[in-house]
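Peer 1: What follows is a single structure, and I will ask about it in a moment.
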Amino acid sequence: MNQRRASADTSTGFLVGDGEMSRRTREFDWSSTPVGPIDDWPQGLKTAVRIMLGSRYAMWLGWGPELTFFYNDAYAKMTLGPKHPGALGRPAGAVWSEIWNEVGPRAESVLRSGEATWDEGLLLFLERRGFPEESYHTFSYSPLPGDGDEVGGMLCVVTEDTERVIGERRLQTLRELAARTIDQAKSVGEACHKASEILADNSEDLPFSLIYLLGTDGRHAQLAGSSGVTANMQISSATVPLNQGDGSWPLHDVVEQGNAIVVDDLAHRFGELKVGPWPEVPQQAMVLPLATPGNSQLAGFLVVGVSSRLPFDDSYRGFFDLLAGQIAATVANARAYEVERERADALAELDRAKTAFFSNVSHEFRTPLTLMLGPIEDMLSRSYTELSPSAKGQLEVVNRNGLRLLRLVNSLLDFSRIEAGRVHAAFEPTNLAAFTRELASVFRSAIERAGLKLVVHCPDIREPVYVDREMWEKIVLNLLSNAFKFTLEGEIVITQRQTGEVVELCVRDTGTGIPSEQMPQLFERFHRIENSQGRTHEGSGIGLALVQELVKLHGGTIAAESSFGEGTTFTIRVPLGKSHLPTDQIGGRSTAVSSATGPTPYVEEALRWLPDETLTEHDTLEKVSLQELQVPSAVAAVPATDDDRPMVLVADDNSDMRQYVVRLLSERFRVTAVADGESALTEVRRRRPDLVLTDIMMPRLDGFGLLKELRDDPRTSDMPVIMLSARAGEESRVEGVEAGADDYLVKPFSARELIARVGAHLQMARMRRESAENLRQSEVQLQKERDLLSVTLASIGDAVVTTDTDSCVTNMNPVAETLTGWTCEEALGQPLDRIFRIVNEQSRKPVENPAERALREGVVVGLANHTVLIRKDGQECPIDDSAAPIRGEDGTIEGGVLVFRDITERRESEKALRESESYFRTMANNAPTMLWVTEADGSCSFLSRGWYEYTGQTEEEGLGGSGFGWLEAVHPDDRDESGRIFREANEKHEFFSLDYRVRQPDGSYRWAIDSGRPRFNEGGEFLGFIGSVIDVHERKTAQEFRQKQARILEMVASEQPLDEILNELTSFIEWQIPGSSGSILLLDKKGNRLRHGAAPRPGL
């Protein structure tokens, strides 16, 4: 049994497992180490090694005084790195020589004391990658018992925490960067400075950092923050140019590539560096772009050094990317804050400038207004002043509107004082109930004239109320004016009562109300309710805002409640007593210049809002003289008869303005005036004017609404419209023109300008009407011509198709519809190649459309031969076609016309004719007589074969000479006469017959008779002659013989002289013997010559 146990102990069976370290441990030569061969190992060592190798947790084991090194697969992978597998069997101090001064004492303590040690997240610099690497480990050293009671070795169980520790450190940097820069940095410089401070706290990952911001010129980057380096070092230049050849940081390459760049040659670029927490200086750095979202230009660059004791891996690069993104966001936020702060400063400065301007300009306005209103009031108050009704009325208009302007100026002055804090009120005890009733009563007449009811319920209050009377007057009058403006029916109710320690004033109306979304802006300065329905759209938009400020000066509050379409209630609450008021403003009189105008301007303005009857030029007191206005003569020339004068409709909600414009225009035009857009629209539909002159801001229907209605109605779409507005500026003018107005006139305008504009647009309207009438007449004439063309095309026997310049069909006649199979409606707009597909009859290849060539070359394309049209249904039709361009008056091509015809019947007729001609030629060539055919011009087109055999002529000779070559075979003595007889018959289309001598092939002549009859077609058209030539030589000779014989006998019978008888007889004998010459000699029986004889030819 003991022998078997010893054998088992010396085996390696305890080194179980398929892992790399189990195999290496089994194969290692342990005899060369202090632990000796495996067979000699103590049982404690074997057990510890077996446990270690079988564990997936990283472990190493040291045995004996030298701590001979054992480790498992997990430890090799996690910690050893390149020290594996050389660490197996070596002393632990040699394996970890670089950190043994740190961990060696711990191991020795375990061997000596037998007590375990524990370390968590211990920083150790392991040389696993060729440099001291920053790493963190949590491990324990536990004693291993030997064979006796002594400690035989130690076991280390370890976890590497490098990724966790470094990751948490980097995450903390990012957290600090986000928390201390995004919300706290108020400028770009501060943001970069704080960021650099945070980066300096993590020198282990960031031995140095530089933040460069791109300059405004885009060619330089300025240093805005740094850490780990001092200023003015070569590595931290204050300015880095972006040119490519600079030897500093490669910022240009980052801009060009749009990506981060790693710089590996720091020592070469910047010389010796002394940065970072470790003795080894950084050898690498990374330059990253600072890009902000939505901006194509970089904000700047982040340059960060790479730690000499960390591997520059993907996680390290990712940390740099996050840093760059965080800093870019910080810079963007800081810049946005700076822009917003600059904007706020600019707005504040603008507000201060506006307040100063309003204050100054209001004071400046008051002086000329005083100088205008004073003399006017003086003139109106003097009873002895000799003023015409017209002049007095105009002065009243000036005075009334001057007071209105003064009230607006005073409102601006009040605002400027309030904003500048220079308002000095005079609060005095007042019977507020009586004062309020008095102010309300001045509006009663205007309200009741408008058909409204005014209810005032202001019971007495038990004690006086401290108010500034001038301010309270403005509060009440503004609220009443506002209620009257927007209440078209119903009532206005004013109530005032004491509620506890406050006085409550309520102004309620049954007006149009305020939309809920507009309520928050109700008391804002210059805010106006869009599309509100009121008596007028005039107003500055500061009335309610001023009321609120004045109520606040009284220590009170104002609130508004409204239901749209039902009405509005304003409630003011002012505290009783005087404890809430400034003591220096209680009692006494205000030292400030009064800005009160009294209730009169409010009431007079309200009265001008009331609707009046439609105003015409006859309602004005006196027409304004054009000579006084100095209107140019070209504009002033108008017809003298009222009925011929153009009609102008004026729409304006300001009564004074309406009457003023009517007075200006009434001498030249018939003028009608209304108070709003709806009334104008009604008047236009009742009686169409020649021009509409409308204000933009009007109740019920404003100027733009009226313009839209006029433009949408075909009956008034061309009516000239001039818009009037107090809104100056290019934008307002463009808005009016874009809306469809013909002109835009800004108030104030001169009388000359108004009359000139109206006259010019009326003249243009007249010219447009004349042009429209001419155009209408032209269109009527054009339509007639089109109808005539349609009738003509329909009556043409050929197919006709017209096209535009793109060769698309614009029209086709019924014949073309029949031939192509397309209707005109189907073909319109279609490419002609689709409608008119043609191919060569023999080759079957597509043929170019003649219309395309006509359009392209501008020439007439003649008839094509052997062309087949492919119909819509696929059937084929032989055609002749031609095309020509259609030119405009200036000669440019405007389209094309294609003409084609079906030649199926013609081809059949031609075939029949050819067959008939063949039959005729056969018959004629075999006929006993000679046959011939001539054309209408007399030229001979056919001679039968008998003629050529009879005369010896060839076909070219017989038909040559323009069809008259056959005359060359006629005897010269007969030729002219024969030609004359034939031509006369050809001209008269009459039958003819003539005799002439025809040359024979041997040169002799024979008599022939030639007869011809005219040819006509079915329509009676003359086609030529057809005739025959018959040889009548023997008959002609016999006839002549008998004639000559009879002549001789007649001479004998009539006892003509013997000499003459003998001569005639001799000629007769010679005629019978062609070519002979004869004579007659008479002899007696004795042979003597008698006196008589005959010798017709001399010499015989």
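Placed from the backbone N, Cα and C atoms, the Cβ positions cover glycine too.
The feature domain 'Histidine kinase' is assigned by TrEMBL to 360-578. According to TrEMBL, the feature domain 'Response regulatory' maps to 647-762. The 4-aspartylphosphate annotation in TrEMBL covers Asp695. As annotated by TrEMBL, domain 'PAS' applies to 785-858, 916-989. Feature annotation from TrEMBL assigns domain 'PAC' to 863-915, 992-1044.
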Peer 1: Taking all residues of the domain 'PAC' (992-1044) together, what is their mean pLDDT?
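Peer 2: Its mean pLDDT is 86.
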Peer 1: Might you list, by sequence position, any residue in that chain lying six or more from Asp695 (4-aspartylphosphate) with a Cβ less than 8 Å away from its Cβ?
Peer 2: Ala651, Asp652, Asp653, Asn654, Met657, Gly703, Met723, Leu724, Ser725
Peer 1: Based on DSSP, name the secondary structure state of Asp695 (4-aspartylphosphate): helix, strand or coil.
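Peer 2: In three-state terms, Asp695 (4-aspartylphosphate) counts as strand.
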Peer 1: What counts of helix, strand and coil residues does DSSP assign across the domain 'Response regulatory' (647-762)?
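Peer 2: Its residues divide into 52 helix, 24 strand, 40 coil.
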Peer 1: Please list the DSSP helix, strand and coil residue counts for the domain 'PAS' (785-858).
Peer 2: 34 helix, 16 strand, 24 coil
Peer 1: Taking helix as H, G and I and strand as E and B in DSSP, count the residues of the domain 'PAS' (916-989) in helix, strand and coil.
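Peer 2: Summed by class, the stretch gives 48 helix, 10 strand, 16 coil.
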